[in-house]
Amino acid sequence: MPKTRRQRTRRARRNRPPTPWPISQDLDRASYMDTPSTCLAIVYRPIGVPSQVVYVPPAYIDMPSWPPVQSTNSPGTPSMDALSALLSNTLSLASPPSPPREPQGPSRSLPLPPLLSPPRFHLPSFNQCESTPPTEMDAWNQPSGISSPPSPSPNLASVPKTSTPPGEKP
């Protein structure tokens, strides 16, 4: 079965989608190229008046006139000409420039310490500071296996027994 080409329908220019800006009939644009910079002049005219190009002079940017530059050299300071002459005398092409020397650093045999050390995480320990005496809260928080100062709980030896286990005599 032979392929058939579909005819493309061309959109007429009049059926264009509307532009986002209003198209007005009362606008004439005149461009003047008589200056190095291009000036675009927009001339508005009322509808119905025959179009006539009105010359709009280009807007020249008026450069401000600066006061003459005063000498910035204080007495005793050499001028830039004297400095450049001195520099050109010291840098002559007769002697090639010496290669820059590397600064004397530490010997290469010793390993350099790392610039950044990895973070060190300390596990929480109960003996955080050996030199400081434990506070009252530290005494309560210590596990029972570690010897601790006498706690404020009553001693079992000083409490009178109210009941005796069977088999024992009071």
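Note: Cβ is positioned from N, Cα and C throughout, glycine not excepted.
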With Swiss-Prot open, pick whichever of SER74, SER148, SER153 is annotated phosphoserine.
SER153
Feature phosphoserine, as given in Swiss-Prot - residue among SER95, SER151:
SER151
Model confidence over the region 'Homomultimerization' (57-71) (mean pLDDT, whole number):
64
